[in-house]
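Novice: One structure, as C-alpha cells, below. Some questions next.
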Amino acid sequence: MMNDFELSLKSLGVSFTSKSIDKLRFYIEKVLLFGTRFNLVSNNDRNFDAVLLHVLDSVAGLPIIKDKNPRQVLDVGSGAGFPGIVLALFDNFRKYILLERSNKKATFLRMISLELGLDNIEVLERDVDKEQNKYEFITIRAFRDIREYARILKLILKDGGLIVAYKGKLNKIKFEVSHIESLFNKIEIKSSTMNDGKERNFLLLYK
C-alpha cells in the first residue's frame, strides 16, 4: 500500500524523499504502538493500512496550504497528529502549531515530534475556547457538524484569515454551509481526487 501512497503524493504534487517515507513509517508504527495507551485511534483503525488512510486524508490538504502560503498553521484538535504531524513532515517551509486539549495526546504529539526531528512543530495543550491568540490559517479535521465550532474558530482567526476544514461527502457539507454562510466573508468547497477513489472535500471559510 505504500507504493499507492507514494503515487498519491505525486498526484498531489507533494515532494518526498526516501527519508521522509521512512519517517512516515516510523510515525505510523508509533501510532499503532501507543494507540491504546494514549487513545490515539479507534479499535477498527489499529492496523498499518488503516492508519495510512488517515495519513492520506491528512496530506490531501497540503496543496491548499502551499497555494495560500501562510507563515504558520494552527491545527485544532490534532489528536494522533492527523493532519498536523503529517503536514509538518511533508512541509518544512512553515511552522505548525498543534492545539490538543487531551494531556495524553499532547504528550504523544510532543514525543513523536522530537523523535521525528520536526523542529517546525509547537504543541499547545488546551481547549480551543481557551486560546487567546489569533491565527492567519487554521486547519481542523471536522467529523462533526461545522456549526458546532465555526463561531469558536472565527474568534481566533485573524481578519483576512482562512479556516480549512477537512470534510467528507459533498451533500452533507452543503447542508452545513447553509447554516453558517452569514458568519464568513466567503465560503468555498474544494475537492481532492486521488487514486484510491475516496471522496475528500475541504471547506474553506474566509474571514
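In case you wondered, yes, glycine gets a Cβ from its N, Cα and C as well.
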Novice: Which candidate from Arg37, Arg141, Arg144, Arg147 does Swiss-Prot annotate alongside Gly77, Phe82, Glu100, Arg101, Ser102 at the S-adenosyl-L-methionine binding site?
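Specialist: Only hit among Arg37, Arg141, Arg144, Arg147 in Swiss-Prot's S-adenosyl-L-methionine site, alongside Gly77, Phe82, Glu100, Arg101, Ser102: Arg141.
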Novice: Quick one, of the binding-site residues Arg101, Arg141, which Cβ has the fewest other Cβ within 10 Å?
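Specialist: Result for the binding-site residues Arg101, Arg141: minimum number of other Cβ atoms within 10 Å at Arg101.
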Novice: What other residues of the same chain, not counting Gly77, Phe82, Glu100, Arg101, Ser102, Arg141, have a CB atom within 8 A of the CB centroid of the S-adenosyl-L-methionine site?
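Specialist: The surrounding set, listed in chain order, is Asp75, Val76, Ser78, Gly79, Ala80, Leu98, Leu99, Lys105.
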